[in-house]
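Taken verbatim from Swiss-Prot:
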- 77-99: zinc finger (ZN_FING)
- Cys79, Cys82, His95, His99: Zn(2+) 1 binding site (BINDING)
- 105-127: zinc finger (ZN_FING)
- Cys107, Cys110, His123, His127: Zn(2+) 2 binding site (BINDING)
- 133-155: zinc finger (ZN_FING)
- Ser141, Gln144, Gly157, Tyr161: Zn(2+) 3 binding site (BINDING)
- 161-183: zinc finger (ZN_FING)
- 189-211: zinc finger (ZN_FING)
- Phe198, Lys201, Leu214, Ala218: Zn(2+) 4 binding site (BINDING)
- 217-239: zinc finger (ZN_FING)
- 245-267: zinc finger (ZN_FING)
Amino acid sequence: MFGFPTATLLDCHGRYAQNVAFFNVMTEAHHKYDHSEATGSSSWDIQNSFRREKLEQKSPDSKTLQEDSPGVRQRVYECQECGKSFRQKGSLTLHERIHTGQKPFECTHCGKSFRAKGNLVTHQRIHTGEKPYQCKECGKSFSQRGSLAVHERLHTGQKPYECAICQRSFRNQSNLAVHRRVHSGEKPYRCDQCGKAFSQKGSLIVHIRVHTGLKPYACTQCRKSFHTRGNCILHGKIHTGETPYLCGQCGKSFTQRGSLAVHQRSCSQRLTL
């Protein structure tokens, strides 16, 4: 079995393991080793021949070589701005655009730009209506794989994101982030008109309609319009006669939860008299 006389040569052997030229180098090495044994020579020129080989060509943005497993080393590319390291040059290039603000991939439909081509491809589905990711359970389709993954948790009941304060769980991380503001009191979304602040962006959007007068949700029965979809749905129950909120004390039902709450207070007072 072929052996290496020094640790340096063993290290070189590991570096050459993934190189196409390794086969030719080792063939020559075996020949020299056999020849030295036959002649009884104590000198071995393989070490010098290995040293003469150019084992690696370091790029300016390359860091040190980190060893993942014995004999195999991986080049690491480091961001000169923040020090974050990457195993692929392309990943570093993509990351650096965060610092430079460069967004070379532009949507031909609306002009919006993106740092990564993959993000542009996903965005363009807004314009094309393409939804390639379909739920096997209910058939609903999505433009993003991540959106499908979150949706599937409706069927599985999985809620992997838990609040550390109250242990309430959520299907996605963004909902958890919004929930945390209940505990922190943070309201980062502020109305430019009146200064009122909100914990959710959607709540601010709905609030702004109070100032603009915009009522985008119209009743299909009477064409009455509303600021929110929820209020429109609630109004629709007047036409359908649906009264899903039932008083447990007297059996009277209501179209709105708020109406039931008001009724229950007076109902309780009557029963205690």
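Using N, Cα and C of the backbone, Cβ positions are placed for all residues, glycine too.
Feature annotations (Swiss-Prot) mapped to structure.
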residue: Cys82; record: Zn(2+) 1 binding site; contacts (Cβ under 8 Å, 6+ apart): His99
residue: Cys107; record: Zn(2+) 2 binding site; contacts (Cβ under 8 Å, 6+ apart): Ser113, Phe114, Leu120, His123, Gln124, His127
residue: Ser141; record: Zn(2+) 3 binding site; contacts (Cβ under 8 Å, 6+ apart): Lys131, Pro132, Tyr133, Gln134, Cys135
residue: Gln144; record: Zn(2+) 3 binding site; contacts (Cβ under 8 Å, 6+ apart): Thr122, Arg125, Tyr133
residue: Gly157; record: Zn(2+) 3 binding site; contacts (Cβ under 8 Å, 6+ apart): none
residue: Tyr161; record: Zn(2+) 3 binding site; contacts (Cβ under 8 Å, 6+ apart): Ser169, Phe170, Arg171, Asn172, Gln173, Asn175, Leu176
residue: Lys201; record: Zn(2+) 4 binding site; contacts (Cβ under 8 Å, 6+ apart): Tyr189
residue: Ala218; record: Zn(2+) 4 binding site; contacts (Cβ under 8 Å, 6+ apart): Lys224, Ser225, Phe226, Cys232
Under an 8 Å Cβ to Cβ limit, what residues of the same chain, 6 or more beyond the ends of the zinc finger (161-183), are close to it?
150, 153-154, 199-200
Please identify, among the binding-site residues Cys79, His95, Cys110, the one with the smallest Cα-Cα distance to Phe198 (Zn(2+) 4 binding site).
Cys110
List, in sequence order, the residues of the same chain other than Cys107, Cys110, His123, His127 whose Cβ lies within 8 Å of the centroid of the Cβ atoms of the recorded Zn(2+) 2 site.
Thr108, His109, Gly111, Lys112, Leu120, Gln124, Ile126
Sort the residues of the zinc finger (161-183) into helix, strand and coil with DSSP and give the three counts.
11 helix, 4 strand, 8 coil
Say we define neighbours as other CB atoms within 10 Å of the CB. Which of the binding-site residues Phe198, Leu214 has the fewest?
Leu214
Using a Cβ cut-off under 8 Å, which residues of the same chain at least 6 positions beyond either end of the zinc finger (189-211) come close to it?
178, 181-182, 227-228
Near Zn(2+) 1: residues not in Cys79, Cys82, His95, His99 with Cβ within 8 Å of the site Cβ centroid are Gln80, Glu81, Gly83, Lys84, Leu92, Glu96, Ile98
